[in-house]
Amino acid sequence: MNIRQQLTQFLSLAYVFTSAFVIWKSLGIITNSHSPIVVVLSGSMEPAFQRGDILFLWNRDQEAKVGDIVVYEIQGRNIPIVHRVLREHHNSDKQLLLTKGDNNAVDDLGLYAKKQKYLNQKTDLVGSVKAYLPKLGYVTILITENVYFKYGMLGLMCISTLLTNE
């Protein structure tokens, strides 16, 4: 394999990663959410959503209503949580929310940051769930939970790119 073929393969791989990044950022701008697509990581929302379901979010500064399924992040942690709005009220110009997983016995007050009694719709919500694809995100869970699977997939992607003759 000559240098021109190697450079072409490298550029093809860079093109794939760049395209994925541009699509991700474009979705973020369109949906006004830093994470427009999330994967359900636990069974707390069963039977509505199963572990491994992919959720598509929308966050165009809409107020959440009781019964809406929202994704939020707790201050200081980067793990998105998918739960249903149990209660909402307004405090001056802020919408405050209390959430609960459908499969959980109690509300999420114990999950929130210390001294936090409600979620702030503007600062804590990642988005509201608008659509989902069942089980397609299970690969993400495998990659996250299994180091060997993660490196195996990465290795296969690199090898397949290097062995391609185009």
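Each Cβ is built from the backbone N, Cα and C atoms, and glycine gets one as well.
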Next item on the list: Have a look at 8-19, 152-163 and point to the one annotated region 'C-terminal short (CTS) helix' in Swiss-Prot.
Entry: 152-163
Note to self: My understanding is the cutoff is Cβ-Cβ under 8 Å with a sequence separation of 6 or more in the same chain; which residues meet that for HIS83 (active site, charge relay system)?
What the structure shows: SER44, MET45, ILE69, VAL70, TYR72, THR99, LYS100, GLY101, ASP102, ASN104, ASP108
Check: Under the DSSP assignment, what numbers of helix, strand and coil residues are found in the region 'C-terminal short (CTS) helix' (152-163)?
Finding: 12 helix, 0 strand, 0 coil
Checklist line | Segment confidence, the topological domain 'Cytoplasmic' (1-9), expressed as mean pLDDT | finding: 83
Notebook entry, point to check: Near SER44 (active site, charge relay system), how many other Cβ atoms are within 10 Å of its Cβ?
Noted result: 20
